[in-house]
Amino acid sequence: MPAKGDRETVTHFPPSGHSSAHPTAAPRVIVIGAGCIGLSIAWRLASAGCAVDVYDRGRAGLGATHAAAGMLAAAVETEPGEQALLPLTLDSQRRWPAFAAQLEAASGLPVDLRTEGTLQVALTRDDVEVLRAGYEFQRSLDLNVAWLSGAQVKEREPWLNPRAAAGVLGAADGQVDNRKLAVALKAAALKAGARLHEEVAVEALSVTGGASTGGRAEGVVVDGALKAADVVVLAAGAWSRLLAGLPDGAIPPVRPVKGQMLALRMDPAQPLLRHVVWPPKCYLVPRLDGRLIVGATTEDKGWDDSLTAGGVLALLEAAWRALPGVEELPIEEMWVGHRPGSRDDAPILGPVPGVAGLVMATGHHRNGILLTPGTADLVADHVLTGRVDPLLEPFGIGRFRK
Amino acid sequence: MAEDLLRIAGKAFTSRLFLGTAGYPNQQVFLDSLAASGAQVVTVSIRRVDMEGGAEGILDLVRDKAWLLPNTAGCATVKDAVLTAQLAREALDTSWIKLELIGDRETLYPDVEQLVTAAAQLVDDGFTVLPYCTDDPIVCRRLADVGCAAVMPLGAPIGTGLGILNPYNIEMICARSTVPVILDAGVGTASDAALAMELGCDAVLLNTAVSKSTDPVRMAAAMGHAVAAGRLARLAGRIPKRTRAEASSPELGLIGG
């Protein structure tokens, strides 16, 4: 946990609400990373009048944002040990409907938010025990989850394996099409005036002052030249810790967490599922356009990006056990992505003690899409006002200093 | 009291708890659990980690905190297991290997025939081999005979948390074994770990019982205490079981001399 005084090293732009000798112009902002987090922050800041430049080493939205499943499951994904994340995930989940509506209006593009809910399904007696334990844990946290009998499960999803023995419904846990989200965010950010530099790698963060006295981020180095900014937002996902020039203590402990996934093609008029479904050992996400996403392995394999027979077999087998009808579906796509996993799987957000002008928005692990609206609003608010929302406070990089 | 050390292949440990690394809510919870448990040996699946030891990977985080015991989880043939062990030796600079040769994916039971063959090959190749095996005294003896540094019989199938299903076998294995016996798999809660030590095991390896508990860090601490308590009880020597009550304070005076 950062000390109380840490955030005083961050300069406030502009000192809104009271007079100041400083110019009140909106800060110039550089965002590193054009995934859903970077783009949404850029959209918010550009809309607020900031000059925003977004750099990405690849194409916008083609990293973890592209690979994700788009689940917005604050309730059913909550496991023991991750309670600290709940205030943030629940807050962001509540922001999603308005965020989606605003984004669709601003971009003129759909993001296919679906609110049918998420259904966890148990197939065997052992599964029921595990599901029951998770359900009781989630109930103890007052989460919106309901226990369903096998018959109730099959009533909601008649294509499921008739052995379905019980289920848990997360009624507020929906989904969004993350790829459409990325396209819409890019369009909205550009319309708001942000400049996007794709396939332009940031070579280094430029920091003035020594590490001991506390420095200030003055911009980034691109093509050997300094691009100056008042604030630099690091939103480079799994690549974040590779940014050169980060002082010690400002290097976010983020690693790539490999995931293999695939998509099957359903008839959109006769979809096999409507809810997001979590049977044992996989999840199934039906899109409005008929794609059925099957995910995902979780592998600590560094940057390895190979699809493996074992990975695909495990996903297909789990999908087939839960939903025998997948046997007939064409495989449309298979891919590998890298979640930006922090050491405690929670995001790293907000100011960096000792480096004024540097703001973190990374390490979202498997919650990047869910946490996009909350991250965008709270981080943009911080950049504009210097305020650190109480929701952000527990997620500063200072928590890793021991 | 003289220091009670666990000795395996020339290495000595003060803790008799080995911890697996899989299935924790996140890496920080694992690191905190490791610290709370006092475990000094950590097993990692070679198939499931970033062998390049990239920053923030499990190898990177654990290397200076515990003795690494790579395992061959996921291997199904002798060839596969031997190759995986060699890979681990090269990448991690350790000749220790927890040998796992799983017979099928449903039961996750060891395939003992292949296990003995692979163990013999690896011993010949200079490895310190700790095989995960069934709770069968004959299999354990065969593994010791081919030169394994310890044997790791299961208490119950992997991940079940059913405890020690055949305590008589575990006790028999411990009584007859010429090498350290490490109970592996099946532990569900602290009393299971204590029982293993009371039965004569030299150490306990566990994973799911901590990683999937509601509060892993607290359960890890419990396991550390349980293993230590079970070991002390074993060394202290339990009283014989009786079928009839006997007052602990004699009421009729002392008999004899």
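Just so it is clear, glycine is given a Cβ too, placed from its N, Cα and C backbone atoms.
Heads up, TrEMBL stuff is auto-annotated, nobody curated it.
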Completion exercise
From candidates B:GLY159, B:GLY230, B:GLY237, TrEMBL puts in the same 1-deoxy-D-xylulose 5-phosphate site as B:ALA185, B:GLY186, B:ASN207, B:THR208 the residue B:GLY159
Exercise for the section: Determine, to the nearest whole angstrom, how far the Cα atom of B:THR208 (1-deoxy-D-xylulose 5-phosphate binding site) is from the Cα atom of B:LYS98 (active site, schiff-base intermediate with DXP). Expected result: 17
Completion exercise
Rounded Cα distance, in Å, between B:ALA185 (1-deoxy-D-xylulose 5-phosphate binding site) and B:LYS98 (active site, schiff-base intermediate with DXP) is 13
Exercise for the section: Output, ordered by sequence, the same-chain residues six or more apart from B:ASN207 (1-deoxy-D-xylulose 5-phosphate binding site) with a CB under 8 Å from its CB, or 'none'. Expected result: B:LEU19, B:GLY20, B:THR21, B:ALA22, B:GLY23, B:THR43
Fill in the blank from the handout: Other C-beta atoms within 10 angstroms of the C-beta of B:ALA185 (1-deoxy-D-xylulose 5-phosphate binding site) total 27
Handout entry: DSSP-derived structure type at B:THR208 (1-deoxy-D-xylulose 5-phosphate binding site), helix or strand or else coil
Key = helix
Problem - Spatial separation of B:LYS98 (active site, schiff-base intermediate with DXP) from B:GLY186 (1-deoxy-D-xylulose 5-phosphate binding site) - C-alpha basis, Å - result: 17
Exercise for the section: Using Cβ-Cβ distances, find the residues under 8 Å from B:GLY159 (1-deoxy-D-xylulose 5-phosphate binding site) that belong to the same chain and are at least 6 apart in sequence, listing them in sequence order. Expected result: B:LEU108, B:ALA185, B:THR208
